[in-house]
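Taking it in order: structure first as structure tokens, then the write-up.
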2 protein chains.
Amino acid sequence: MTTRNHCLALDAQDPLAPLRNQFALPDGVIYLDGNSLGARPVAALQRAQQVIAEEWGNGLIRSWNTAGWRDLSQRLGDRLARLIGADANEVVITDTTSINLFKVLSAALRVQALKAPQRRVIVSESSNFPTDLYIAEGLTEMLQQGYSLRLVDSPEELPRAIGEDTAVVMLTHVNYKTGYMHDMQAVTALTHECGALSLWDLAHSAGAVPVDLKQAGADYAIGCTYKYLNGGPGSQAFAWVSPALCDLVKQPLSGWFGHARQFDMEAQYRPSSGIARYLCGTQPITSLAMVECGLEIFEQTDMASLRRKSLALTDLFIELVEQRCAAHGLKLVTPREHDKRGSHVSFEHPEGYAVIQALIARGVIGDYREPRIMRFGFTPLYTRFSEVWDAVQTLGEILDEKTWAQPQFQIRHSVT
Amino acid sequence: MTTRNHCLALDAQDPLAPLRNQFALPDGVIYLDGNSLGARPVAALQRAQQVIAEEWGNGLIRSWNTAGWRDLSQRLGDRLARLIGADANEVVITDTTSINLFKVLSAALRVQALKAPQRRVIVSESSNFPTDLYIAEGLTEMLQQGYSLRLVDSPEELPRAIGEDTAVVMLTHVNYKTGYMHDMQAVTALTHECGALSLWDLAHSAGAVPVDLKQAGADYAIGCTYKYLNGGPGSQAFAWVSPALCDLVKQPLSGWFGHARQFDMEAQYRPSSGIARYLCGTQPITSLAMVECGLEIFEQTDMASLRRKSLALTDLFIELVEQRCAAHGLKLVTPREHDKRGSHVSFEHPEGYAVIQALIARGVIGDYREPRIMRFGFTPLYTRFSEVWDAVQTLGEILDEKTWAQPQFQIRHSVT
């Protein structure tokens, strides 16, 4: 039986433990929802104050040049690149995940229209994050001409679903609900064998698990900076395109920041070469600037160390829940195999929603996803082993005492 | 001859003068570029600190509900609505102007596809803001099937250009370069007589001139919050759709925030009714929240008072430049007629770029637009009459002394 003292000993030995000091976490809270909104880097407040008071307030319009706002999307992309196995000059941080998906998915279909115009099917999973499916649906409806979306219900169905008609295989690397992680290299290889292009959503991967897009041979990727990368609420998303494909086609959201010579103010669009053609409009700068503070913390460690701790945390959580809460029929939906697991763990419970509400009321913040899924994120930059122990004790007490049955925990309001 | 003392007297009588105290403007600067990036409301810093330290740092994921992040785009849209002659529940503040244009222009073409499918031409002006033209170009290229963009070189050509093939007339109400303002009511009426839909870009209108979209009978509008509305660098843009058209069609950037039941996490997209269907992905919250600080200042006055002062400021600037700088061949490109003028004034000069650089070096911040155009924005919330006088004196000295010929002012770097 793992004891709290054992968990404290793990914290004492944890080489990543000092990084927690770079986050401002509230007292009395065990935060297991960094997979939804990452915690605040201490430095983010000061960075925002500098942008607002100094760069906006005093620099005013001059700051587009003097404070480097102009190429901020690219400079931050350069710093993020190594976390996903990309090179500098291949990533931009801009717009939202949904918008970036529209751009790269459109581009992938255009590349296929040049090379293999009969390929008009986008293959994805019915359990993919909904906005990804909505964007693909919106795009195929817009294009008409036989473009369509084909959804599989489990990863095992992918080989049969990818065929001669397939243009793109669009998958989220780590499933938002179950925490299942695809084998990026194997699925990309399968995709390419079938003549399709591979598009990865890294929303639950970037900063959470090691990703090597170039080694995997991926074609397109998008992802989120407000989860494991701790960029701030709703902070801008990223886009990466394989250099081999980037300049082959334009993407349709052709705004002025993607123009080869933005300030010539030409009436006709000429795309930049490289990933800059995936920029579109003027970005909310204060939010964008804070993304840097999250990235700076990652530069003090490496993804192998983070992965080691992440797996230790999720292993510990699974073990403790299965011991402490054994009587309550929780069902693990996250894979036990390390190579199929991201950095969050989900359990099913018929009263999952109310249990999560009761946990939050006790200061243990996880979240709920339909149907019945209680989701707990483990962020090795700031989650402690002893917090995992404490969280499970609280969960056990809530289940033992049926605290979740109290009326206030049954009232539905949703969390993002 | 208008004297500085006369200008000081105008400032003393100005009923809007106290509002300047709500802006943090740097010493030693005369800011005539609020048409490009509005000045910082004093309150914006504290608002951002609250979002970052309290809502993000302490509230964490809970703030989506407890701090009202969830419907922030709509709540701010409600507050902006009266500045553009719209009603509450008709405006969202989200994404960028370019992205919002893609949404509403797509929707307008879809409405026509239902009603008058032979109408496939978008009419606009070659002098429209480039990103608007780029977005329209990107959209027509994507749709193919005979969709195209027709550009006129002057407003007088519009009546001949709008015909039986015209789906949408897409215009920027106040031209970014010349300051020319269309008669929204007359052009919209002409557009409708011809069977087309009217789409207005209000980037240089919202908060700058009175706008009454509903009285004008407009169909779609988009605009910017980082210029006259003082929302902060790159702050989110807005979109408005006539309620009569809003629910007729989906827009193609169908992200999860536009879903009728976002957190049911359905695999299929069902659009919200009303303007919420124009939402797409998760917004950068810190930047979005600061938009409220600019709107709060507008709620202390009204557009009629602002327009009165705006015209007085631009009249004064034109008069003083033509007196003080008469020897230097400046050419006014902004209309003298009040009903054709926005809130900025542009003069052409062969060395316009270098003159603006020399002005900025002397603390008078205007900006430059290709070709040869020196642009000066007048924002009645904070611009003083005596600043107009001082700015013109500085301009006169720079022209008299040919300061602009100094090498450092000839080096090109562009401003947004």
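From the backbone N, Cα and C atoms, a Cβ is placed for every residue, glycine too.
Automated prediction, rather than curation, is the source of TrEMBL annotations.
Annotation source TrEMBL lists pyridoxal 5'-phosphate binding site at B:THR97, B:SER98, B:PHE129, B:PRO130, B:THR131, B:ASP132, B:THR172, B:ASP201, B:HIS204, B:TYR226, B:TRP256, B:THR282. Listed in sequence order, B:THR172, B:TYR176, B:ASP201, B:ALA203 are the same-chain residues at least 6 apart in sequence whose CB falls under 8 Å from the CB of B:PHE129 (pyridoxal 5'-phosphate binding site).
If you look up TrEMBL, you'll see B:LYS227 marked as N6-(pyridoxal phosphate)lysine. B:LYS227 (N6-(pyridoxal phosphate)lysine) falls within neither a helix nor a strand when secondary structure is assigned with DSSP, and so counts as coil. Taking all protein chains in view, 27 other C-beta atoms sit within 10 angstroms of the C-beta of B:LYS227 (N6-(pyridoxal phosphate)lysine).
Around B:THR97 (pyridoxal 5'-phosphate binding site), the C-beta neighbours below 8 angstroms that are at least 6 residues distant in the chain are B:THR131, B:ASP132, B:ASP201, B:ALA203, B:ILE222, B:GLY223, B:CYS224, B:ALA237. Site extent for pyridoxal 5'-phosphate: among the recorded binding residues B:THR97, B:SER98, B:PHE129, B:PRO130, B:THR131, B:ASP132, B:THR172, B:ASP201, B:HIS204, B:TYR226, B:TRP256, B:THR282, the largest C-alpha separation is 30 Å. Among the binding-site residues B:THR97, B:THR131, B:HIS204, the ones whose Cβ sits under 8 Å from a Cβ of chain A are, in sequence order, B:THR97, B:THR131. Same-chain residues at least 6 positions away in sequence with a Cβ under 8 Å from that of B:TRP256 (pyridoxal 5'-phosphate binding site) are, in sequence order, B:GLN262, B:GLY281. Reported as a whole number, the C-alpha separation between B:LYS227 (N6-(pyridoxal phosphate)lysine) and B:HIS204 (pyridoxal 5'-phosphate binding site) equals 7 Å. The number of other CB atoms found within 10 A of the CB of B:THR172 (pyridoxal 5'-phosphate binding site), across every protein chain shown, is 26. Cβ neighbours of B:HIS204 (pyridoxal 5'-phosphate binding site) (same chain, under 8 Å, six or more residues apart in sequence): B:ASN35, B:THR172, B:HIS173, B:VAL174, B:ASN175, B:TYR176, B:GLY179, B:LYS227, B:TYR228, B:GLY342, B:SER343, B:HIS344.
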